[in-house]
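A.B. asks: Once you've had a glance at the structure underneath, I'll fire off some questions.
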Amino acid sequence: MISTYEPVSKKIGHYSANACLLPICSLHGIAVTTVEGIGCTKTRIHPVQERLAKCHGSQCGFCTPGMVMSVYALLRNHPEPSMEQIASALAGTFLFCHFYIKENGNCCLDQEGKLEGEKTPIKLFSADEFQPLDTTQEFIFPPELMRMAENEPKRTLVFHGERTTWISPTSLKELLELKAKYPKAPLVVGNTSVGIGQHLELLVCPDMKFKGVYHPVIISPARILDLNVVRYMDNGLTLGAACSLALVKDVLTNAVSELPWEKTKIFRALLQQLKTLGGQQIRNIASLGGNIISRKSTSDLNPILAVGNCILNLASREGTRWIPLSDIFADGAGNNTLTPKEILVSVHIPYSRKEEFVSAFRQAQRRENSLPIANTGMRVLFAEDTDIIMDFGIFYGGIGSTSICAKQTCQALIGRHWNEKMLDEACRLVLKEVSLTGSAPGGKVEYRRTLMISFLFKFYLEVLQSLKKMDPHRCPDIPEKYRSVLQDFHTKIHQNKQIYQEVNPEQLPQDPVGRPIMHQAGIKHATGEALYCDDIRAVDEELFLAVVTSSRAHAKIVSIDTSEALRAPGVFDIVTTQDVPAKNEFYIFSDPEILFAKDKVNCVGQIICAVVADSEVHAKQAAAKVKIGYETLEPVILTIEEAIQHNSFFEPQRKLEQGNVDEAFETVDQILEGEIHIGGQEHFYMETQSVLVVPKREDKEMDVYVSTQHPAFIQEMVASCLGVPANRIMCHVKRVGGAFGGKVVNTGLLASVAAVAANKTGHAVRLILDRGDDMLITGGRHPVIGKYKVGFMNDGRILAADAKYYLNGGSTPDHSILVAEVILLKMDNAYKIPNLRCCSRVCKTNLPSNTAFRGFGFPQSGLITESWMTSIAAKSGLSPEKVREINMYKETEQTFYKQELDPENLVRCWKECIEKSAYYSRKIAVEEFNKQNYWKKKGIAIIPMKYPFGFNKRFLSQAAALVHIYTDGSVLLTHGGIEMGQGIHTKMIQVASRELKIPMSNIHFCETSTTTVPNACVTAASVGTDVNGMAVKDACQTLLKRLEPIISKNPKGSWNDWVKEAFEQSINLSATGYFRGECSPKRESLIISMLYIFYNIKKVKVFIISHSQIEGAFVQGIGLYTMEELKYSPEGVLYTRGPAQYKIPAVCDIPEQFSISLLSSSQNSYAIYSSKGMGEAGLFLGCSVFFAIWDAVTAVRKERGLTEPFTLNSPLTPERIRMACADEFTEMVMRVFFWNTPL
């Protein structure tokens, strides 16, 4: 949080902000408060920190401090905020974990009663235990900064860096002199992709960080009063160019509340866009002027400001001038209306007039905090008391290189009446004038053209409605079915309701199992005291490593020129394949994983060499100076289709078959054939790949501190590349800031690179990837194409299926062969298919290798199966839920992979979910809504799931634990599991607490390390709690058995008495626990998901702390199936390399109502305390959103007479949804774009 003091008004302002976007030079005179500053465990935690932790508001904890400070800043300004203000404050938060407004007690979904076996639920927390928020106890603004602001004269600040000089002038005159002297110097106010000088078109510091852009001089005009003015005038409002967007929003909000409605139409349109423009943290520091002068096509404000005839006040040393804002867009991005020496001083926004109407529209990948795919500002002025157009203005964003004016269209419509004939002509003229070729940057050409005329249609209806309100006889009525267009989506406050079964009354009060225990590190997450890999303090003479990666997808390495890099400041050395002491390759399957590319590169992002330097900045600067010579190789294979064409596969392919498929196809009534494409997914763990390698200078020992799911694998890889025994490599993991499967092989390669550098230099080496490099270098979830042929009877029974699955494996095998196996083994989902033939093949392409990801192939194969279920329902005339129910497993029998399955819980879940959710009543309500609304549809879906979890080999499920009891009675617990946010350490402490019958406070977990638990298996496949819990239980039972003779002799003694006596009797108080692994035929986790407008999930049995895993997995599934889209250039370069381009779910995307309850009387004797593996299973549940959307699209198409079968691909983005909903607008685009029909 940053805090400022205004000496004139004596006001203090508090603002949340992104630290990574705040240049330290901009903080002169500003108070900075960090999460550690508001409270810590050593003194006193803040009420915000306490509530977030105790209300189960964190998982991995890496992003928790950001949540805390966002809410803290809000409370400093609004001690009693509304729920809307809280949601807005958190709008910039990404959510692969979870964050909900928690409620105690039962949920009261309308029409829902208690589930069988549920009694009054236990409380998640006791609100009475929380310390109250006392604003008098908050830190005051530093008096020395206040005195400095009031008494010290302002002076120019100059900061000299190694390569850059930062200048902060105090007056407009001085700024103009500086701009004349340094015309190419960027002006920086908010540093969020905005600036107020002509030459800043991209991020300043981010460009310097990610693109190597170098600015010798940067000018910061934020302290100049002329650029921060807010002035009400007779004809409008003047705002300084340096005003933050948050201030602009507040000023406009006040103006709208105080001024007549007819004067504030432009203001309202701007506010409409400001609601979704970035998060609060961005708006707090981004400037209005920067948004304008950057002239970005994706600006949400520029189209409105341009169409609203706003005026820019420009100044230079030669004088001042006023120009229409629209002038800077007249000739596209190359417009030179502004001279290099001019700066923008202020913006004048005029009042609107009575007969004038202004609207703004946008469409983005995500509703909030997302750049638009397309947007628009539209304005029309009518002759008084008529519907005759006197003036018309349309500006589009997202269509060209900058905002575009449809000038010819608007001119042609002047004098026309506001009617449907005018609308039809306007759409055709716009499509003709605003060209968008098939090769336009950003793609989505048909979609963006459809949006152009869809926006125009909505504007037409909005104006028609306003005219009707002004004079009922002025224009015709809007048809009833069109009125839903005018109803905006209003997001309700997100509420999460978790229903728990009561703990057995006979359970001991101190037994924590089954109780809502806070995450063991929850408080430390909220205070920022939880340590991650990069939080480890610098080691003496530590070096930083930056990797040099391939810029070609498939090429021979001709040369590596490191001479310039070696001369760069701070560079210590450069590491190549020649420096690897032993093996440069590591085999998981037949093809190797490669540390450093040697003779050729096989994908963009492959590591060629690395630079080690005395700082991260120096290492990255030098890495950019390494010159690689290439000779292009053919072919370059990027897609599955190209791999099939070139027969490029990893072997072996996998096949499964049961029954007589060909014979069954001869007997069925109908056959369905189809194909579905499922895109990949980026792990987007909050903590990027991180490793610190510390050589011990003796016996070739090394400590490796690493963010990984599998320390033993890292140990093996590092030892292999260095040529030393594994016992010389000690891997340590305290906690991981998210992993989702992406921190095994990729982490091993990066740790090995760092280890080679440490071995060569003899220094500790730290390697922390930034987000862009992390996404470029590492792969994610496998894109899959599923081709199927399904035979079924007219009653919906499936008799035969033949399916082929093609996975994009990338350039090396990684875990792709295993993923291909799982795709086959889980493709049946919850259905009995008597005759089945399926095979899977892994395509070898020139992309970074895809790897393990939460669900491990099932989210892809499950979606393909459910897609054909939906299509069968459409073809047979039955409802989707009827087809699913007919084909579900109903009796105990073997699956097609010869595993016995008892479907009792599956059937119970299905029936209870339909009954308790009043599914059919809701379905009728959805159908009735759809009949009454032509332009807005709802959908409903219910999806069963059978999820076999665990590994297919017993040895992969073994686990060990080490438990020490000290003479003071305290217990140190160690096991082989990794804490990634799932709360495994908390659960293990719960297990030890129950088994030893001591309070959890007596037990401590330090770290996971190969020095304490050797050969630990990977924490993955939803079995971490089960297997490690069994090992911990075994160790504790061993210790308790040793203590039993002492306890029996002194039953009334205390734990400490028994421990002390045991030590005096020389009884070993340390024990190893072991679990060999279990290959049970009943290891199935059965879940039902139901979606009805909002989301409602039913029936799982888990440790209470694991409810958050269900929430997070579901939201991640929403991202996979509806939002997250990876885009590559034709050369194999990843376009979507960060949150600006790649959209994961945020607060605005989580379910508004999300209810979780437990299936009563559900036991699992094969797992620790009937635990269910929930880490992965919940992700597939996100497909209920996919199929509810499918249901809504079906309603649209049916209403428009489109009855032919259709398939929707994943992710089901706004583009795919809109283009599947064919109507007159999509037809118009197709006609003009493809067939060039004369207009």
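Placed from the backbone N, Cα and C atoms, the Cβ positions cover glycine too.
These figures come from a predicted structure and were not determined experimentally.
This is the feature table in TrEMBL:
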{"type": "ACT_SITE", "residues": "E1176", "note": "active site, proton acceptor"}
{"type": "BINDING", "residues": "C20", "note": "[2Fe-2S] cluster 1 binding site"}
{"type": "BINDING", "residues": "C60, C63, C97", "note": "[2Fe-2S] cluster 2 binding site"}
{"type": "BINDING", "residues": "187-194, 287-291, D300, L344, R362", "note": "FAD binding site"}
{"type": "BINDING", "residues": "Q709, F740, R854, A1021", "note": "Mo-molybdopterin binding site"}
{"type": "BINDING", "residues": "F856", "note": "substrate binding site"}
{"type": "DOMAIN", "residues": "159-354", "note": "domain 'FAD-binding PCMH-type'"}
A.B. asks: Can you figure out which of C60, C63, S287, L344, E1176 (the recorded positions) comes closest in space to A1021 (Mo-molybdopterin binding site), comparing Cα atoms?
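C.D. replies: Sorting the recorded positions by distance from A1021 (Mo-molybdopterin binding site), the top entry is E1176.
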A.B. asks: Consider the recorded positions C20, V189, E1176 and say which one has the Cα lying nearest the Cα of F740 (Mo-molybdopterin binding site).
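C.D. replies: That would be E1176, the closest of C20, V189, E1176 to F740 (Mo-molybdopterin binding site).
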A.B. asks: Between the binding-site residues C20, C60, C63, L344, A1021, where is the Cβ count within 10 Å the lowest?
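C.D. replies: Candidates: the binding-site residues C20, C60, C63, L344, A1021. Fewest Cβ atoms within 10 Å: C20.
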A.B. asks: Relative to the Cβ of R854 (Mo-molybdopterin binding site), which residues of the same chain, six or more apart in sequence, are found under 8 Å away?
C.D. replies: F740, G741, A1113, Q1116, G1175, E1176, L1179
A.B. asks: Cβ within 8 angstroms of the Cβ centroid of Q709, F740, R854, A1021: which residues besides those meet this for the Mo-molybdopterin site?
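C.D. replies: Filtered neighbour residues, in order: A739, G741, G742, A852, F853, F856, M980, T1019, A1020, G1175, E1176.
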A.B. asks: So what's the mean pLDDT when you look at the domain 'FAD-binding PCMH-type' (159-354)?
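C.D. replies: For the domain 'FAD-binding PCMH-type' (159-354), the model's average pLDDT rounds to 87.
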A.B. asks: Distance check, please: Cα of V189 (FAD binding site) against Cα of C20 ([2Fe-2S] cluster 1 binding site), rounded to an integer number of angstrom.
C.D. replies: 14
A.B. asks: How many Å lie between the Cα of C60 ([2Fe-2S] cluster 2 binding site) and the Cα of L344 (FAD binding site)?
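C.D. replies: So the Cα of L344 (FAD binding site) lies 44 Å away from that of C60 ([2Fe-2S] cluster 2 binding site).
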A.B. asks: Select the closest residue to S287 (FAD binding site) from the following binding-site residues, measuring between CA atoms: C20, Q709, F856.
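C.D. replies: Comparing Cα positions, the closest of these binding-site residues turns out to be C20.
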A.B. asks: I'm trying to understand the geometry here, so how far is the Cα atom of G289 (FAD binding site) from the Cα atom of C63 ([2Fe-2S] cluster 2 binding site), in Å to the nearest whole number?
C.D. replies: 30
A.B. asks: Using the alpha carbons only, what distance in Å do you get between L344 (FAD binding site) and Q709 (Mo-molybdopterin binding site) once rounded?
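C.D. replies: Distance between the two Cα atoms comes out at 51 Å.
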A.B. asks: Can you tell which of the binding-site residues C63, N291, Q709, F856 lies nearest to C20 ([2Fe-2S] cluster 1 binding site) in space, using Cα positions?
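C.D. replies: Spatially nearest to C20 ([2Fe-2S] cluster 1 binding site) by Cα position is C63.
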A.B. asks: What is the nearest of the binding-site residues C63, Q709, F856 to N291 (FAD binding site), using the Cα of each?
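C.D. replies: In terms of Cα distance, N291 (FAD binding site) lies closest to C63.
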A.B. asks: So among C63, Q709, F856, all listed as binding-site residues, which is physically nearest to L187 (FAD binding site)? Use the C-alpha atoms.
C.D. replies: C63
A.B. asks: Rounded to an integer, what is the Cα-Cα distance in Å between F856 (substrate binding site) and Q709 (Mo-molybdopterin binding site)?
C.D. replies: 15
A.B. asks: Which ones in the same chain are close to Q709 (Mo-molybdopterin binding site), with CB under 8 Å and 6+ residues apart in sequence?
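C.D. replies: Once residues fewer than 6 apart are set aside, Q709 (Mo-molybdopterin binding site) is near V736, A739, G741, K743, V744, T747, I978, M980, V1018, T1019, A1020.
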A.B. asks: Restricting to the record's Mo-molybdopterin-binding residues (Q709, F740, R854, A1021), give me the longest CA-CA distance in Å as a whole number.
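C.D. replies: Across Q709, F740, R854, A1021, the widest Cα separation comes out at 12 Å.
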A.B. asks: Let me spell it out: for each of the binding-site residues (S287, N291), count the other Cβ atoms within 10 Å of that residue's Cβ, using every protein chain shown. Which one has the most?
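C.D. replies: Output for this query is S287.
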